[in-house]
Amino acid sequence: MTNAATDKSVASVARDVSTGKPGKSPDAAVHLLSGGLAGLTSAVTLQPFDLLKTRLQQQHSETSKLTIAGEIRKLSQLKELWRGAVPSALRTSVGAGLYFTTLSKMRAAVAQYNHRDSSVTSVLPKLLPMENLATGFVARAIVGYITMPITMVKTRFESNIYSYRTMGESIVGIYKDIGPDGVVHRSSLLNFFKGSVATLARDCPYAGLYVLFYEGFKNDVLVKVIPESVTGSDSRSSVINSSSAILAASVSTTITAPFDAIKTRLQLTKETSILKTTGILLREDGGVFNLFRGLSLRFGRKALSAGISWCIYEELIKSDFSQCRLFNKERLA
């Protein structure tokens, strides 16, 4: 969304949830901070899901029995489940803040161009299905590439192939392309973008499909399912947003699961080809099911993360937080 003090016309994109009347569009800083807080909360809370998923995906199924319980038993301390929480929190909070800001601006621009208002349960503009798909796809592509170096650090940290003790050590190790055997290969900044194509092939369709399903469930399905007796209450809005997020994440996660398995294997090995990596996964014991390895963990993590993140984000945007003096430039003028 654009600044209300400099662009009055975009204010029509947002509605007051209690009255249904056009309201003030939140400042971009509000979207950035709200998205960041939402992402940070979900990242720290759900880090064990990410770590276990990475551990499962890094292994060759013919040499190890792949079970979640087996991976947990390998941990010497419970706190190891949160290994990689710092880069994960950094990536998710920064990524979520940038993503929500970019997405809100793109959606506001499209809605303004088409002269559409926001939905009753959301301050976000209501778009057509293909517009939801396109804006989510493009926003994730931009933010995903920007945060790719943090994603690389996060994946290496979560893996037990590399015994990094600090983020600084992992950054040096990735830059110098130091393998698990300690051998230095090719030093390059491009090492931080290894697996970026597979990552974007996973995240962009996921984001586009997610926004498509999220808006569909929220505006066309759950609005009709949630009892009218709580219409207009804050609880109804929260339930609709969280339920829509969980359902959308579940469907989108299943569709894009193969790219997640390929991405993780690329970032933890010397292989650079998506096609070769896919072939290796298919030839291992388990065949095509290897492309869905760790799906249950990603499924649970994405669903819970979406429910937490989007609920916190939308409720912060609609709350008095977005009208506080810090973000209201008209009051400061």
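For all residues, glycine too, the Cβ spot is worked out from N, Cα and C.
Copied over from Swiss-Prot:
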type	residues	note
REGION	1-25	region 'Disordered'
REPEAT	26-109	repeat 'Solcar 1'
REPEAT	127-220	repeat 'Solcar 2'
REPEAT	236-319	repeat 'Solcar 3'
TRANSMEM	32-57	transmembrane segment
TRANSMEM	84-110	transmembrane segment
TRANSMEM	133-158	transmembrane segment
TRANSMEM	195-218	transmembrane segment
TRANSMEM	240-266	transmembrane segment
TRANSMEM	294-312	transmembrane segment
Cβ-Cβ under 8 Å with the transmembrane segment (240-266): same-chain residues at least 6 beyond its ends: 53-54, 57-58, 121-122, 155, 194-195, 198-199, 201-203, 205-206, 209-218, 221-223, 226, 272, 274, 277-278, 280-281, 290-295, 298-299, 302-307, 309-311, 314-315
For the repeat 'Solcar 2' (127-220), the number of residues DSSP places in helix, strand and coil: 68 helix, 2 strand, 24 coil
Stretch-averaged pLDDT - the repeat 'Solcar 2' (127-220): 86
Number of helical, extended and coil residues in the repeat 'Solcar 3' (236-319), per DSSP: 73 helix, 0 strand, 11 coil
For the repeat 'Solcar 1' (26-109), the number of residues DSSP places in helix, strand and coil: 68 helix, 0 strand, 16 coil
